[in-house]
Structure formats: C-alpha cells, structure tokens
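Read through the structure below, which is laid out as structure tokens, and then see the notes.
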Amino acid sequence: IQISLIFLPIASAQFDFDQCNITKGCWFHPPNCISTATCLSGVEWEVRPAGVLFTMHSFVTDLDTTRPTWMAVGLSLNQRMDDDTVLECIRRADGDGRVQMSFNDETHNTVLHQASASLISEQAVTFQDGLLTCTASLSFTGRDQLAVTEQFKVHDLSIRPYYLLFARGSADPYSLQKDIHSTNDGPTFPWITEDTVSFCVENCTLLGVSPSEPILVTQMHQTRMERYWRYRVAVMHGVAMLLGWWVLGSNGIIIARYFKPLFPRRKLLGTAVWFQFHRDMMITGLLLEVAAVICIFWQAGWVWYECSYECSSDDFAKKMHAITGVFGTSLAVIQPFLAILRPSPDSNVRPIFNWAHWLIGMTAWCFASATFVMALPLGKTGLNRVYGHVPNYIMGGYIITFCLTNVILEMIATTYSSTPLRSQKIGPSGMSMSIINGPSAESNLAEPKRTSARLFIFGVHLVISLAVAITITVMLVRIMYSHSP
C-alpha cells in the first residue's frame, strides 16, 4: 500500500495531548514527557465498533534521514518481542510512505501482505519538521478470512488485552526491509508498557476482559536490565565459562588422568599432590560454571530462548547453546557427588567407577566445548560479526590441542605401564573419596618414567589454554565497549 506524503498546514510539528484520556488512549515516550513537552515518540488509539484507529508519532532526526525510516507498535502477550502482531509505518527518504502489518517471531519480523490489504484502512503518512506521523485503522473483522499461514499471526484485539511495544529505526532504501532497532540504551531503544491495554467493545464481561476505555499510559520501561549491563553480564558469563571449562576443567582432567602415579611419596596440604590439584581446580571451575549459568539466565529474565516459526542456523545455534550449556553444567554438578561415592582402591567395582567418572566428565567437557562454538555467532558476543571466522579457528585449534595432549600422554602412560590406567587401583587399601581430605598418599609404586616429558606436555597445554582464554576474553571486551553508547 503506497500513500503519498501529506504536508500539515501548521507552523511547526508538535504532539497534541488534548483528547488523551478523554476520547482516545495515549502512550508517549519517554515517561513524564507530556508535562515537560519533551516527547520523542508516542502512540494514540481510538476504539470504534468496527476496529481501532491507531496514530503513531516519532521524531526521526536522530536516525539516518538519507535512508527510509520506520516506526511500529506491537501487540504483545508477554512484554517480549515474540509472537507479536505489529502495525508499522515505513517512509522513504523521497517522501512516499507505507503502512502495513507484520509479525515478530522471536528472531524474525515477517510482513503480512494479505492482512495488510484486508484489515488496514484509513491510512495516512505525514512528515514535517522531523516528525513522522502515521495513521491507520485496524479492523476487528476479516481475520477469519486470512490464509491459515497468516491468521494465527494476527491477534484478535477484541478477546484479550495486550502489552504495547514501540520501536523505530532505519530500512533498506530498495527493499524497505527494516534494520534492527538500536541495541544500545537510549531514546532509540524500544519501549514497553508495564500494563496491558484493552481494545474490547462487545461481550467483554463474557470474555472476562475489561472494556476498552480512554487511558493515558504513564508506566513503561525499555528493558528490565540496562543493555549496558546485559552485555557485561554476557561477557562475564563467557569468560567464566572459558576459565571453568578450558583452563581449570581441562587441566584438572589431565592431572587426574595421567598424574596419579607422579610424586608418590609427596603430599600437598596433607593429601596426594594430584588429588589436591584436581579437586581444587575442578571445584573452582564448577563454581564458576554454575555462577555463569545463573547470571546469564538472570540477565535474560529467566526466559528460555526459543526460535519458533522461523529458525535460521544462527538462531538454532543460539537455542542449542542454551540446551547444551545447561546439560554440560548439569553433568559437571553430578561429578563431585559421584566422587564422594568412589569405592576404595581394592574394591572390585573401582574400575567401573573410574570409567563412569571419566565418561561423565568427558561428555560434559564435549557439550561445553560445543556450546562455546555455538556462542560465536550470538549477538551479545558479536565474535563472528566483528572478527569473522578467526574465533572459530582459535577454538577449533584449542579443541585439537586438548585431544592431541591426551593422545600423547596416553601413549607415554601405556608405553611404561603394563596395566591400563583406569583399571589401576592406585591408593592405600580402604581409602575412598568419602574421606573428606581424600588420599593422603598414593600407592608405593615406583615413580614412573618420562616424568619430565609429562610435565612439559602438560605445561604446553596449560599455556595454550590460558592463551586461548585470554585472547577470546580480549575480543569479547573490545566488542562490549563497542556496544557502549
């Protein structure tokens, strides 16, 4: 639908608040801007028997005026941009305007062409002195005539109240495809009403919906947590996970797997050297991992991410990032409780425990590593967007390094031992992990050969794991500061 630009016969652009809370509902942003005459944008609506007449206003001088600009009001079920029916207005830089409907699907916005042609009337687009104003009437009827693929994307305004969302931004000059709104704190970030708004005019009592009434909405927010802090929490989440899994976790796994026979007659703080390092590193890593998971869900409002109707590979990676991350962390949480039940070295089930403990730990590590890779295209990290595939090469290189380290140490261990490591019953008879301080010493086995080689290979791996964690951290921090307004 194309609408020619209409010039208003007034001296200067301004908002009209006269009929707010009298004949029409109003919602202007930022909060309390009416009393100070500093409103930057707003939405008005007048509920009629046949539908709702919406009017949207926004100053767009802070956007790129050489490109098309857009503004939109969304009807939301949950104060989030997903499963929302949207009424939007797009104006070309040359003056032509368009009013249409679209649908927010968590990760995508899709124009509803049939709904736009069938349900919208009384369209008008005006622009003066930097103020863009769009008017359109959205019909209550005709929704059941839409194709099945569009019908569920158009909310029935008459049967329930909705939260209102308001956003604005720029668009592609040729296709008019909307760019994403600003992702930084500030006046260009979307607004959300604190309470729902009713548009019901008939059978409201039977539907259990409050009848529509002219109201002035004053309670609103942009985000429960400032984007400034959301980016920082996301960065801290990533850094904590890298330290927990690839620095502390990986090296703790190697120590427990290949360093039990080393230094058999030495103790560290009253217990075997390998056990002290392994326990402290794994517990510290686990605490970092659990704290990182809690923090990332906290900044997301405890909402589990989904991509519902349309899901690209990047969207699916974001969804799977949450699933594999939680699963890997859950397995890691099981490990210390399983270790408490470790049978004594002379128990016949000790080899079964060794294999089970190793298998759960390595499965958790594999899930965590996959989670890191799937985090690269995410918006809050921006690693692929800013650095291309360089982070993929860095992470892939480290995963290969960890695998090669285990292969080399396995070859050294099996070459100088006639008993498979996980079948060895190392430790004093009767000693188990249920004893709080663990084994005070290892068995009286002779110190193995190639000790220096083992330590050297371990040292190389430790340095590489630290270097990878530091490099990715620097990348994340640089991107984080680039998001700051």
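Placed from the backbone N, Cα and C atoms, the Cβ positions cover glycine too.
Residues or ranges marked as domain 'DOMON' by TrEMBL: 39-169.
Summarising the annotation, TrEMBL assigns domain 'Cytochrome b561' to 203-412.
Feature annotation from TrEMBL assigns transmembrane segment to 234-259 (among others).
If you look up TrEMBL, you'll see 280-300 (among others) marked as transmembrane segment.
Taken from TrEMBL, the feature transmembrane segment covers 320-341 (among others).
For the transmembrane segment (353-375), same-chain residues at least 6 beyond its ends with a Cβ under 8 Å from one of its own Cβ atoms are 238, 241-242, 245-246, 249-250, 253, 257, 289, 317-318, 320-321, 324-325, 327-329, 331-332, 334-335, 338-339, 341-343, 381, 383, 392, 395-396, 399, 422-423. Look at TrEMBL and you will find 353-375 (among others) tagged as transmembrane segment.
Cβ atoms under 8 Å from those of the transmembrane segment (395-416) belong to residues 246, 250, 254, 257-258, 369, 372-373, 376, 448-450, 453-454, 457-458, 460-461, 464-465, 468, 472 of the same chain, restricted to positions at least 6 beyond its ends. Residues annotated as transmembrane segment in TrEMBL: 395-416 (among others).
Note on the transmembrane segment (455-481): residues 231-232, 235, 238-239, 242-243, 246-247, 250-251, 254-255, 258-259, 381-383, 386-387, 391, 394-395, 397-398, 401-402, 405, 408-409, 412 of its chain, located 6 or more positions outside it, place their CB under 8 angstroms from a CB of the stretch. What TrEMBL lists as transmembrane segment is 455-481 (among others).
For the domain 'DOMON' (39-169), the DSSP-based tally of helix, strand and coil residues reads 14 helix, 72 strand, 45 coil.
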